[in-house]
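Database features, via TrEMBL:
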type     : residues  : note
TRANSMEM : A:12-32   : transmembrane segment
DOMAIN   : A:55-418  : domain 'Ammonium transporter AmtB-like'
TRANSMEM : A:58-78   : transmembrane segment
TRANSMEM : A:85-106  : transmembrane segment
TRANSMEM : A:126-145 : transmembrane segment
TRANSMEM : A:152-171 : transmembrane segment
TRANSMEM : A:183-201 : transmembrane segment
TRANSMEM : A:213-232 : transmembrane segment
TRANSMEM : A:252-272 : transmembrane segment
TRANSMEM : A:305-326 : transmembrane segment
TRANSMEM : A:394-417 : transmembrane segment
Amino acid sequence: MVKNTYMRWRLPFVCLLWEVAMIILFGVFVRFDPEADAHWKEEQRQKNLTSDIENDFYFRYPSFQDVHVMIFVGFGFLMTFLQRYGFGAVGFNFLLAAFGIQWALLMQGWFHSFENGKILIGVENLINADFCVGSVCIAFGAILGKTSPVQLLILTLFQVTLFAVNEYILVSLLHVKDAGGSMTIHTFGAYFGLTVTRILYRPNLEQSKDKQGSVYHSDLFAMIGALYLWMYWPSFNSAVSNHGDAQHRAAINTYCSLASCVLTTVAFSSLLQKKGKLDMVHIQNATLAGGVAVGTSAEMMLTPYGSLIVGFLCGIVSTVGFVYLMPFLESKLHIQDTCGIHNLHAMPGLIGGIVGAVTAATATEEVYGKEGLISAFDFTGDYKDRTPSVQGGFQAAGIFVSLAMALAGGAIVGAILKIPFLGDPADENCFEDDVYWEVPEDEESSLYHMHDPTLKPVTS
Amino acid sequence: MVKNTYMRWRLPFVCLLWEVAMIILFGVFVRFDPEADAHWKEEQRQKNLTSDIENDFYFRYPSFQDVHVMIFVGFGFLMTFLQRYGFGAVGFNFLLAAFGIQWALLMQGWFHSFENGKILIGVENLINADFCVGSVCIAFGAILGKTSPVQLLILTLFQVTLFAVNEYILVSLLHVKDAGGSMTIHTFGAYFGLTVTRILYRPNLEQSKDKQGSVYHSDLFAMIGALYLWMYWPSFNSAVSNHGDAQHRAAINTYCSLASCVLTTVAFSSLLQKKGKLDMVHIQNATLAGGVAVGTSAEMMLTPYGSLIVGFLCGIVSTVGFVYLMPFLESKLHIQDTCGIHNLHAMPGLIGGIVGAVTAATATEEVYGKEGLISAFDFTGDYKDRTPSVQGGFQAAGIFVSLAMALAGGAIVGAILKIPFLGDPADENCFEDDVYWEVPEDEESSLYHMHDPTLKPVTS
Amino acid sequence: MVKNTYMRWRLPFVCLLWEVAMIILFGVFVRFDPEADAHWKEEQRQKNLTSDIENDFYFRYPSFQDVHVMIFVGFGFLMTFLQRYGFGAVGFNFLLAAFGIQWALLMQGWFHSFENGKILIGVENLINADFCVGSVCIAFGAILGKTSPVQLLILTLFQVTLFAVNEYILVSLLHVKDAGGSMTIHTFGAYFGLTVTRILYRPNLEQSKDKQGSVYHSDLFAMIGALYLWMYWPSFNSAVSNHGDAQHRAAINTYCSLASCVLTTVAFSSLLQKKGKLDMVHIQNATLAGGVAVGTSAEMMLTPYGSLIVGFLCGIVSTVGFVYLMPFLESKLHIQDTCGIHNLHAMPGLIGGIVGAVTAATATEEVYGKEGLISAFDFTGDYKDRTPSVQGGFQAAGIFVSLAMALAGGAIVGAILKIPFLGDPADENCFEDDVYWEVPEDEESSLYHMHDPTLKPVTS
């Protein structure tokens, strides 16, 4: 079947429409948070802050920049492993994230930072917008190489919206803690993406099977993405935690979990391959599962050894998922998951939700201190009588809500993306940059052409 | 024409001469700022600082490191897009920047941090030195592939000098605000570089036309540079702003402008190409124009939606510049601009100067607060009676001063670079690393050789 | 000789054994530092801290993240210069560092953070663990391409142990200052690695000579590693210095030394090559020697011009080492040093130790201030009567202790690594990823295969 992938009018139309809408909505709604406003000096006196260094900017900006790198370089380059889809991986990730952060500032702003008809944004909002877009980058991983940029912009619009609703239910209605987003980002993003790719199932995708692998250098580019995700994950999980000990603790727990995860990933990558050789796909992905799985609990008193145990298990689960579960999902359930997000985000995200629920449920005044317990779980105001075990129950409920939102939302958005005229590629053109990008003719390709055996050889 | 590109005596001579001069001048002039000096404890008491965290180091060091990455990896890798000039792009950028920051510490120190015969340096000086060198990296973009390392070191010496003079006129004499350097860095650097490349015009450059394109992997390397510039630009524009709300605000404005810019770049990249396909050159460059264009105004109350509008326009201007203006500049005005700095830095820089002038001129006490207005524009001492509208006029004057300095300085320096014996490459060797670098024989190349159709084939 | 490099049982066994041991030991010993513990609020009141920002996290976390990038991306990618060992370089570095940081937290913890039977860890411990692993990454550079992952994990276990002992002798017994680790990290790590590679000498290594070179793109990947090391080295040398002026000063000194080092490296790279062309190996490595050589003295009053002089000399020493000393070491002393760590870490490390001793010995109250001198060298408690010149003597002793520990330790560990069954590659398979990794068949390789001259050609 010939598909029309001509983007010249459709893509500019959507980009410009989306962006004009952003400008109008920002004009009506978005203003600076008091800490970023020129009236700050007066504000500061009211709050009795003795120094400019107590501006939230200095507590969070370094973490923000790390998260920013994870979204744009981390996710972008992690997906460059495909031999001829590097432009699409980095470039479309760039496009959807740049749009998504704007829409996320609005959606999350209406729910969480809306005061007197205005959304007031500061550095914490920027981090949360990046987080929200992270869930879209995850979903993109499942459909990588099989959709047009127009489809991706539509997906982003809807997924960000649903993310904000889900986050509002969890954080504001259920009073759930999820600073590193095991539930809101990973579980939601991954099951959403898996549902979308299920709806967009392509029975004849084996026509582009030869392009689904990597080449030597594309695997090295992907390692750039993988390592930046791995290195900055402590910043990701601690970025929006409470000032002081909570941020400090979240970084340490995540550091430990990730370190442990690398060893079990390597062990099982070798163990599950007949020749005992390591597989770059596992090293690039399963080593990150430890970061996903402490997303909820990192800011709690999970303890360093607790983190090591979580990382230990997730390296195994994720690697086993790549080897055994992924082929099963494709052949039996018709879920074509390009990057294996089921192994890196879905299962570890669920584990992260469960670990968070258990860690919360077992919190005691002895371990946290009286003040510490109240502060860690924000047992104040309406929630001042909530106990740790009740909190654990609500945490568990958060997992199911995220899962339900992801499945229902993914089904609807998947159906929307099946609308014709959105410019998706034909089965034989999947995983191929040439469809949407001006691709330079390479030395190698020109060489290839020169020696094309079907051409009349010079010497005959 | 055969050119002598033998560097063995000339390059070491210049490097060693330059560096010995640095050591002597640093020995005579440069000392630590009080906040970096071992006497700090006593200083601290005098300033009534209650904690070590109030050392300027903690306000600015994270931003400094981000700026540092932009200069060395950002600019360096952005220029690796050429198929066989990656060593020169990254390596010469490294060389000129490493020299330039030393000379900038001196030049800017004499103008701004000179006390009792000594230049006192701290973290803010390091940032400003990196900024100054940024303007040289920009100019390098115009002449990329067409000059020898000796020419680049001479260029750096003169451009840093002129940068410091221009910056002194703007910041100290005109009392102009330009924290992110739309005028001092981008306008000055770009028009300086464009003038130099005009003077060095090569009528027969089409002899190396085949090497002016990219290959698949070189475009991915360039995306590393592009993304790091894009991600860290909020740090660039906020790095030397006032502590507290000004830094906070500058980061938010830049974040917004850059996000918006990506969407219009993608829209116009597709729209202006017959087949509607995206062009990597635009994605790598025009997406950054939004950061350039809020360089002056980011620390002011530009507001998030104002930033979105600036980014929106600059994505369009920059992409249109790549498609229509660049060929015109080359064919009609004989300006051979390798990286397209006219589109990324020159035009957006001018826009940035204008946006800054307008934002300053329209500032009110209502928006900034009484204290906030004084603090934002430093209306103290000699300038305590200056009004926003007068400030706007001076801001506008700053644009013209920068432009004039760039054109005059570029003409002089371009003429100096025409001196024979500086080792520039012949027209047919431009954009080719092999001239100045030991280049490894690649698998591909050796393969190429093996199958060279001009060789006697094994089978005949 | 045929070697058995089958990893399927051996590698998983070691990984799982090591990691289970970590979990048990962490469970018994490791807890959060008070600043990362939920009891922090109460702690804070006791310490009279007025704000959360005075948590050590905010003093050190940005530097920690920079150091983290240096270990995993910096060292990892620096070693990708080999044409077919990129997976091993980045991947094995990842593996050994992920294990090493856990074991280092324990070893260093027992020596330095052991209270009431527990090791209390905070952000400073994370930095020190990364530092310790840095010395293993250095040693890995000497044996790169010639060992199995099992050997590397054994090496890491022993080297981390010895590192911690050596560090304890220097820092706690001799009261030596070495914040950037010229002695503890570089001298120790490099001579340890050189001794190991001497013990593992392979007389027939020329069988894999063709794979010891780089290709064009592998050199660009290596530049990513080199630049990140270069850019973040100011964070490395300042990360664990005293709060305030010491951190500030350490960053400035390192910045200056590194800048200077680039110019002399370029000068001598060109000067020592007949055709005067620059060699990427020098640019990637010798430019970093300036950072190594101010490791001990950066936090002292070395002064900016002092730093320039150190960098100046080290660029020369390191480049000369690559050109003249390295072939000598291989042919005469049978030291096969894959990455040239003798030039980048060993010699500059020794210089760094000496510079540190001299800088300490010549410290005066005039330069440091009375309080500053006590604070800079921690002349309190048992050491309150120590004078700068005595301190200089102890600093010098530290060099010899590090060297002795490295040589003795390297000899023992080298002997251990000669145990059969550890799976090292045959001489003809060194520097080849294919031994331990699933390597994708590349376009190029498949092309190569298609045109293999030994195959029957289509046209005959």
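Here the Cβ of each residue, glycine as well, is placed from N, Cα and C on the backbone.
It should be emphasised that the depicted structure is a prediction, and the values quoted were computed from it without experimental measurement.
With pairs at least 6 apart in sequence, the transmembrane segment (A:12-32) and the transmembrane segment (A:152-171) have 3 or more Cβ pairs within the 8 Å limit; the two touch. Remote same-chain residues near the transmembrane segment (A:183-201) are listed as 131-132, 134-143, 146-147, 155, 159, 162-163, 166-167, 170-171, 176, 292, 295-296, 333-338, 341-342, 344-346, 348-350, 352-353, 356, 398-399, 402-403, 405-407, 409-411, 413-415, 417-418, 424 (criterion: CB distance under 8 Å, separation of at least six residues from the stretch ends). With Cβ pairs under 8 Å as the measure, the transmembrane segment (A:252-272) is packed most heavily against A:305-326, out of A:58-78, A:126-145, A:213-232, A:305-326. Through the fold, the transmembrane segment (A:126-145) approaches residues 60, 63-64, 67-68, 70-71, 75, 78-79, 82, 85, 88-89, 92-93, 96-97, 100-102, 104-105, 107-108, 112, 152, 155-156, 159-160, 163-164, 167, 181, 184-186, 188-190, 192-194, 196-197, 200, 208, 211-212, 239-240, 335-342, 344-345, 410, 430-432 of its own chain, all at least 6 residues removed from its boundaries and within a Cβ separation under 8 Å. In the predicted model, the domain 'Ammonium transporter AmtB-like' (A:55-418) has a mean pLDDT of 97.
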